[in-house]
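Listed in TrEMBL:
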- 26-46: transmembrane segment (TRANSMEM)
- 26-264: domain 'Membrane insertase YidC/Oxa/ALB C-terminal' (DOMAIN)
- 87-109: transmembrane segment (TRANSMEM)
- 188-211: transmembrane segment (TRANSMEM)
- 232-251: transmembrane segment (TRANSMEM)
- 326-391: region 'Disordered' (REGION)
- 326-350: compositional bias 'Basic and acidic residues' (COMPBIAS)
- 371-391: compositional bias 'Basic and acidic residues' (COMPBIAS)
Amino acid sequence: MSFLGFLGGPLGYVMEFIYKFLVSDYGLSLVLFTIVLRVLMFPLRIKQQKSTARMSAYQPMILEIQKKYAKDKNKQQEELMKLQEEYGYSPTAGCLPMLLNFVVIFGIIEVVYRPLTYILHIPAEVITAAADAGSIAAGYAQQSGIISAVVTGNSAVMSALGDSLSAVQGFNVFWGNLNLAAMPTISLAGWMTLIFPVLSVVTMVASQIIIQKTSGQEMQGSMKWMPWLMSAMFIFVGFTVPVGFSLYYTVSNILMVVESLIAKKIYDPEKMKAQLAAEIEEKRKAKKAKKKVTVKTDDGAEIKKEVTESELASIRLQRAREIDAERYADERTEPLTEEERAALEAEQGQKKKKKSGKQEPEKVSANSEEQTERLLAEEKAESEKLHKDEE
C-alpha cells in the first residue's frame with residue numbers, strides 16, 4: 001500500500017458510511033465529511049489560538065535575544081533554549097493542526113481520485129479491466145474516466161465491470177449538471193467544472209486574511225507572503241484533481257473562518273497576549289528580586305546575605321559540590337601521581353593570584369585553597385607511608 005493509500009483508506013471508510021447510510025449523494029457526503037472533520041479538529045484550533053497568542057507575547061524577548069547575539073549564533077540559540085525552559089513555551093506547539101490539515105488534504109485527494117476503490121471498494125483487477133475495455137489511460141483520471149464512460153453508456157466498460165456495474169451506476173456523483181468526479185476543463189463546454197476550483201482559491205485567500213486578523217498573528221518578512229504562495233499552489237492542485245476536492249476545500253475554508261471567529265470569542269488573542277505579558281513581567285521581576293539567605297564565611301561564621309535568584313542557584317551548586325566532595329573524600333585508595341600533584345599545585349597558584357588581585361565575595365563553603373593544601377598534604381603523607389612500607 002502506498003503512502004497516499006494509507007492516508008486515503010480510513011477517510012474512504014468514513015465517506016462510505018456517510019454516503020451509504022446518511023445522504024446517498026457524493027457532493028453532500030463531501031460536505032458532511034468536511035463538517036465532521038472540522039468539528040473534530042476544533043480543540044486543536046483552540047490550542048493553536050493559544051500558542052499563537054503565547055508566541056506573540058514572547059516575540060519582543062525573542063527579538064531582543066536575536067538582536068543582542070546577532071553575531072554569535074551559538075549563544076543566540078543557547079539563550080533561546082534558556083528562554084523556552086524558563087518560561088515554558090514551545091515555538092512548534094501550534095504546528096500540529098497545520099500538519100493534520102495537510103495529512104487530511106492528501107488523504108482526500110486520494111479518495112476523490114479513486115472513489116471506486118475507497119468508497120465503493122471495487123477490486124483493482126475489475127477497475128483495470130474496465131479501463132482497458134474503454135481505452136482509458138492509467139493515472140489519476142482513470143476512475144473518473146470509468147465513471148464518465150458508465151454515465152455515457154459505454155457498453156465495453158459496462159460489460160467489463162460485471163457485478164460491480166450496479167454499484168457504479170448507483171454512485172451519484174452529480175450536483176445538478178456538475179459531475180464532481182470529472183477533471184476541471186478550461187473550455188466553454190466545461191466551464192461548470194471551473195466553479196469550485198476558482199471558489200476554493202478565493203475562499204482560501206479570504207480565510208487566510210481573516211484568520212490572521214482574528215488570531216492576532218503577526219507575520220514577519222517572507223511569512224507575509226505565505227497565504228499567497230499557498231493559494232498559488234492550490235491553483236495548481238484545484239485544476240489537476242477531480243472537482244470533488246475543490247468542493248471539499250471550499251467548504252473547509254468557510255468552516256475555518258467560522259472556527260476562527262468562535263475561537264476569538266472563547267479566547268480573545270489580545271486579552272491572552274496582555275495576560276501573558278503581565279505573567280512574563282512578574283517572572284522577570286521575581287528573577288531579579290533579591291532574597292535573604294544564610295551563608296557561611298571562610299571562617300565558618302553564619303551571616304545573612306541578599307542574593308538574586310541566579311546567585312542563589314550558584315550558591316546551591318557550590319554547596320552540592322562540597323557535599324559530594326565530603327561524601328567521596330575517603331574513596332581514594334591510591335596516592336596522587338606526580339602529574340596530578342603538579343596540576344593541583346598549578347591550579348592552586350592560579351587561584352591565589354586571582355584572589356590577591358581581586359577581593360572575592362563571601363562564599364558558602366570553606367576556603368577552597370585550604371582544602372587543596374590539605375588534600376596535597378594528605379596525599380604526600382600517604383605516599384611517604386607507602387614508600388616506608390615498601391622499604
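Count begins at 1; order follows the chain as displayed.
Here the Cβ of each residue, glycine as well, is placed from N, Cα and C on the backbone.
Nobody curates TrEMBL annotations by hand; they come from automatic prediction.
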Take the domain 'Membrane insertase YidC/Oxa/ALB C-terminal' (26-264) and average the pLDDT across it for me. 82
Please report, as numbers and ranges, the same-chain residues at least 6 past the borders of the transmembrane segment (232-251) whose CB is under 8 Å from any CB of it. 26-27, 30-31, 33-35, 105, 108-109, 112-113, 115, 140-141, 144, 173, 175, 178-184, 186, 193-194, 196-201, 203-204
